[in-house]
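**Q** This is the structure I have questions about; it appears just below.
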Amino acid sequence: MDSNFHYSIDLNEDQNHHEQPFFYPLGSSSSLHHHHHHHHHQVPSNSSSSSSSISSLSSYLPFLINSQEDQHVAYNNTYHADHLHLSQPLKAKMFVANGGSSACDHMVPKKETRLKLTIRKKDHEDQPHPLHQNPTKPDSDSDKWLMSPKMRLIKKTITNNKQLIDQTNNNNHKESDHYPLNHKTNFDEDHHEDLNFKNVLTRKTTAATTENRYNTINENGYSNNNGVIRVCSDCNTTKTPLWRSGPRGPKSLCNACGIRQRKARRAAMAAAAAAGDQEVAVAPRVQQLPLKKKLQNKKKRSNGGEKYNHSPPMVAKAKKCKIKEEEEKEMEAETVAGDSEISKSTTSSNSSISSNKFCFDDLTIMLSKSSAYQQVFPQDEKEAAVLLMALSYGMVHG
């Protein structure tokens, strides 16, 4: 079975020449010539490069190519060089010569395969690549032949995007011409000035409100919201930070008058307390009455003076013991004199006067000699009474 190969050669050396495909079968020259007449294609006589390429290809492929599908080889002169692109892998079987002889055995392939070769050449070498041309210019025939619909869509999108970018750049340049560079800084400065002005106004308003509030407080009294004007009953003032209670009721005195009157009340109470203590201490020594009247007066003072007695309990006990001692002395004087009341009064008066003049030792000797005193009080109570008498004597005459 013969194997046919499809070669397509495109030579653009001259403008009058067009693409002409060529088909060459692999094998002898007769089969190649027969296949050439079968497809009715002719090779230009003035194209030396095409004939040389065909002869080189025919001499370069001394083997058969087997594949399950048709193979397409595109030979393009895009970067001023010929490149061979194979779309699918090829399976080949080499024919090995027997003993280096010129004759070779021909093997029949299982399936007919074709190989297509396309050769294109630029008119001018210095012509730029069609993809690098200006997108604003209209597309040429070569661009249309090379580009697929997808490539045309991509190119159109790129062109539109570039036009939009150029338009925005032009608008930005125009705006920059209308507005100088320092416009932004001037706007920021104006904004800061507005903020500072607002802050100053707020502070002034707050200060005015606070001042009005303080004036209202000072005029109507401290935090007086009822509208009632108070007047001090002592100094007749209406402005005070605090109102105090006075003789005319609560909040009838100003702060200064209330403090002054409170101090005066405390001083009067202290003076009264001191005078009461002094009267209690001096009253038993004011008068010396006869014996019976004196005892009655002392009892009355002791009973009525307990309210004003602020002395410690030891002093009160000493006074009671002293009263009992005087009673015992009177009883002794009655037993010794026993004659008349006159002698009794004289002895009592003499004993009271002598008690003030006697020393402590004489008083103890006198008490020890009295039998009535020893009968009434035991020894320890007697010693306690003597000590209390000594203490009271020192307090009165000290």
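Cβ coordinates are placed from backbone N, Cα and C, and glycine is handled just like the others.
Reproduced below are the annotations present in Swiss-Prot:
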- 32-42: compositional bias 'Basic residues' (COMPBIAS)
- 291-302: compositional bias 'Basic residues' (COMPBIAS)
- 343-353: compositional bias 'Low complexity' (COMPBIAS)
- 20-51: region 'Disordered' (REGION)
- 122-144: region 'Disordered' (REGION)
- 289-353: region 'Disordered' (REGION)
- 109-116: motif 'Nuclear localization signal' (MOTIF)
- 226-280: zinc finger (ZN_FING)
**Q** List the helix, strand and coil residue totals of the zinc finger (226-280) as derived from DSSP.
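**A** Secondary-structure composition of the zinc finger (226-280): 26 helix, 8 strand, 21 coil.
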**Q** Over the motif 'Nuclear localization signal' (109-116), what does the predicted model average in pLDDT?
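**A** Mean model confidence (pLDDT) across the motif 'Nuclear localization signal' (109-116) is 51.
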